[in-house]
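Asks: Copying in the features that Swiss-Prot gives for the protein in this structure:
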- 1-21: transmembrane segment (TRANSMEM)
- 33-53: transmembrane segment (TRANSMEM)
- 72-92: transmembrane segment (TRANSMEM)
- 104-124: transmembrane segment (TRANSMEM)
- 183-203: transmembrane segment (TRANSMEM)
- 224-244: transmembrane segment (TRANSMEM)
- 262-282: transmembrane segment (TRANSMEM)
- 337-357: transmembrane segment (TRANSMEM)
- 369-389: transmembrane segment (TRANSMEM)
- 393-413: transmembrane segment (TRANSMEM)
Amino acid sequence: MTLFVVINIIVMLGLMALLYMMQKKHVSFSKRVFTALGIGIVFGFALHFIYGSSSETITQTSDWFNIAGGGYVKLLQMIVMPLVFISILGAFTKLKLTHNIGKISGLIIGLLIATTAVAAAVGIASALAFDLQAVHVDQGQAETMRGAELEQKSQDMEAKTLPQQIVELLPGNPFLDFTGARPTSTIAVVIFAAFLGIAYLGVNRKQPEQAELFKKMVDAVYAIIMRVVTLILRLTPYGVLAIMTKTIATSDLDSIAKLGKFVIASYAALIVMFIIHLLLITFSGLNPVTYLKKAFPVLVFAFTSRSSAGALPLNIKTQRSLGVPEGIANFAGSFGLSIGQNGCAGIYPAMLAIMIAPTVGQNPLDPSFLFTVIAVVAISSFGVAGVGGGATFAALLVLSALNMPVALAGLLISVEPLIDMGRTALNVSGSMTSGLVTSKVTNELEKDTYQDRTNIIEAEV
């Protein structure tokens, strides 16, 4: 370890101490995260220009910074499966009207899939409007390595037929899926939790005493898991600082500049899709301004943390402040982690498909091709994880199904973190919109709670 590496680590520790002081002074969580984001960008640029992105000093410094950044991501990954499982199961135990459960879950899943299909169409329109093509993107060493890695993953997936892939969604060994060992582990855990939830409803009708005991156990575990999530989320400012510093310091800024058009096109599509969410809320007879005010804190958190799973507790609390019953809020938030993510599983893979199409001789304006892309994107949106890598998995599924070279998806590695922030915020907005619209359609929405504009949930951890 050189003197310069030691100095860089000391500076990072000093910046973390500053964030800790802000926490002690009770500065709001959102402000602390945004401060960490800003400081990380500035510090990253400073390191980049002083040492150079490929220098030995930066390589060693990044390894040390990764203790905070990578450690934070690992902790989020640790809690995802227990969080998804207990949230789905808790949704069943918290439902007060059990006769509507099929309609409620069907509506939520239907809305998530439908909005993902719309998101795919928006992504296609944006890619065509900005004339995005993979042949216009330079391929450096990092992009080539990433492409080879994606190619290997794709080959592993292509070894199975479509019926076999559908069977793979089922939890043959739920304990294995709790480890996240398979690409479809998330949706498998959702299915397992749903089976337990349905079994609970049956026992509740015939043996209410045993069901009540099970409910208390689930509620207790739910409280413990949510507390663990809170403990992990307290590390968010430090994790964001380390991740952004490392990302900027090690990035090829020339590549980012060249991919600027893709970043702009992505955010244009994300904004259009967010407006569509607001239109859905408006057509449901609700004031979209109220939704914006109440949803802002959780969307900011999702944007800065880049974790739909980490945002789940705040997502559910925000839905409750919007008048969504607790059971529906749990369903919408939990399903939204693994089904129909508008940003990661909708817009992103659709844009990639349009970009790559000309390289394989496919006309991206062919109507039959466009409809195929939308259908494949919607179907493939099952099982996308809510922590890092979900968009990549969705892209692999879609491109493999369309017989396109997945290696070209590696060309976007340098701008992935920039786009992922917006995608995550849209994912969370999509799950909240599905819960809100479902509550309104089923007449379960507490309108007085929705209209109470003072009831705004802040991210407090």
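Even glycines carry a Cβ here, placed using N, Cα and C.
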Asks: For the transmembrane segment (224-244), could you work out the same-chain residues 6 or more beyond its ends whose Cβ comes under 8 Å from its Cβ atoms?
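Replies: For the transmembrane segment (224-244), the nonlocal Cβ contacts are 12, 15-16, 19, 22-23, 29, 32-33, 35-37, 39-41, 43-44, 65-69, 71-73, 75-76, 78-79, 82-83, 86, 301, 304-305, 310, 312-313, 417, 459, 461.
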Asks: Go through 104-124, 183-203, 337-357, 393-413 and flag the stretch with the largest number of C-beta pairs under 8 Å relative to the transmembrane segment (72-92).
Replies: 183-203
Asks: Hey, which bits of the same chain come close to the transmembrane segment (183-203), Cβ under 8 Å, at least six residues off its ends?
Replies: 80-81, 84-86, 88-89, 91-93, 95, 98, 101, 105, 157, 168-171, 174, 176-177, 210-211, 214-215, 218, 334-335, 337-339, 382-386, 393
Asks: Sort out the residues at least 6 away from either end of the transmembrane segment (104-124), same chain, that have Cβ-Cβ distances under 8 Å to it, and list them.
Replies: 95, 194, 269, 272-273, 276-277, 280, 327-328, 331-332, 335-336, 339-343, 345-351, 353-354, 370, 373-375, 377-378, 381, 426, 430-431, 433-435, 437-438, 441-442, 444
Asks: Going along the chain, which residues at least six beyond the ends of the transmembrane segment (262-282) come within the CB cut-off of under 8 Å?
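Replies: Contacts of the transmembrane segment (262-282) (Cβ under 8 Å, skipping residues fewer than 6 from its ends): 115, 118-119, 122-123, 125-127, 129-130, 132, 137, 256, 288, 291-292, 342-343, 346-348, 351, 355, 412, 415, 418-419, 422-423, 425-426, 429-430, 433, 436-437.
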